Amino acid sequence: MVVKYLLFFSLCLFVRCTMSNKTEDIIEKTKQLAPRLTNDKHKGQAGRIGVFGGSIEFTGAPYFASISSLKVGADLVYLFTNKEPATVIKSYSPELMVLPILNDPEAIKKIEPWLERLHVVVIGPGLGRNDQTFEVITKVIETCRQKQKPLVIDADGLFLIAQRHDLIKNYPAPVVLTPNVMEFNRLVGDTPGDGSKQEKAAAFLMEVGSNVTLLCKDHEDEIISRGTTVKVSGGGSGRRCGGQGDILAGSLSTFLAWSIMADYAPNVACYAACRMVRDLNSKAFVKYGRSMTATDMIPEIHEVFEENFERK
Ligand SMILES: *[C@@H]1O[C@H](CO)[C@@H](O)[C@H](O)[C@H]1NC(C)=O
Ligand SMILES: *[C@@H]1O[C@H](CO)[C@@H](O)[C@H](O)[C@H]1NC(C)=O
């Protein structure tokens, strides 16, 4: 009798497990991502992130990416930028370590020792498309490859990758690309395929290798890795202000560092980051409506985190 019950029970469990869908599994894992807050950890263990971005034109984007990474829970964020925007960005926040070495004649030599310490490197927020900057960033990516550093590439970083797929081809660690619709089309541009988004994404991923994940930002976000597509919807509002992409890239960098520590696939981190930005948007919208800006989303990080990702 007992044996029969046990058999029945394990059968039910088996059916439930095989029926539970991929998205549910991923959501479950996002709740296990955050490292426990205990006293025996030393500073840096919950994530050391490097952000490469900022230019004389764009000082907001690298700020939003970096502060989001910190507020989501990384211990340390180093922002690598040019000399001109550095003082401006420093003045936004005493929490960020801003290193004005990106346009230094010896940039890569000065950057390399810092890379060693980082768990994840974000490339692109407000970077600009200057040839000289791209030269340095190319070397940064090549050095990251040697050191097997996981990458998040966004914005102007994607502009570079669109011309240089080889930079991420067969990359030896996780790479997440976060294109919007326009950036996606530029990225996969001359990739063969029947023209559908899925086909183009699949052909692109086939070309660059299995460690690359596409996080396609749209009304419904799509996280595409080889063999798996996961959609994220809900949250958000009719208000789409600038800076949300930067908040996504920054949040993602922390979640990605944790997903690697937990041995989870990068799409768990991607899902968490999409959920974060969507819920930040809807919460801030309730308070500020049409006048909501990216700055209003940052203070909501704590509550969204508590509701979705805090260990209970
Ligand atoms: C999978 O789970 C998610 C989250 O619970 C749900 O929104 C979605 O509809 C489910 N999909 C299928 C095919 O059951
Ligand atoms: C993908 O990354 C893992 C580390 O996350 C590495 O062990 C593996 O060799 C990489 N794959 C390729 C094709 O480089």
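Using N, Cα and C of the backbone, Cβ positions are placed for all residues, glycine too.
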Quick one: which of Gly73, Gly126, Gly128 does TrEMBL put in the (6S)-NADPHX site with Asn180, Val181, Met182, Glu183, Phe184, Asn185, Arg186, Asp246?
Gly126
Going by C-alpha positions, which of the binding-site residues (Val181, Glu183, Asn185, Asp246) is nearest Asp221 (ATP binding site)?
Val181
For the (6S)-NADPHX binding residues given in the record (Gly126, Asn180, Val181, Met182, Glu183, Phe184, Asn185, Arg186, Asp246), what is the largest pairwise C-alpha separation in angstrom?
20
Please name which of the binding-site residues listed here, Gly126, Val181, Glu183, Asn185, Asp246, is nearest in space to His219 (ATP binding site), Cα against Cα.
Val181
Determine, using Cα-Cα distances only, which of these binding-site residues is closest to Asn185 ((6S)-NADPHX binding site): Arg239, Gly243, Gly245.
Gly245
Whole-number Å value for how far Val181 ((6S)-NADPHX binding site) lies from Lys217 (ATP binding site) (Cα to Cα)
7
CA-CA, which of the binding-site residues Ser237, Cys241, Gly245 lies nearest Glu183 ((6S)-NADPHX binding site)?
Gly245
Rank aside, I only need the closest one: which of the binding-site residues Ser237, Arg239, Gly245 has its C-alpha nearest to that of Val181 ((6S)-NADPHX binding site)?
Gly245
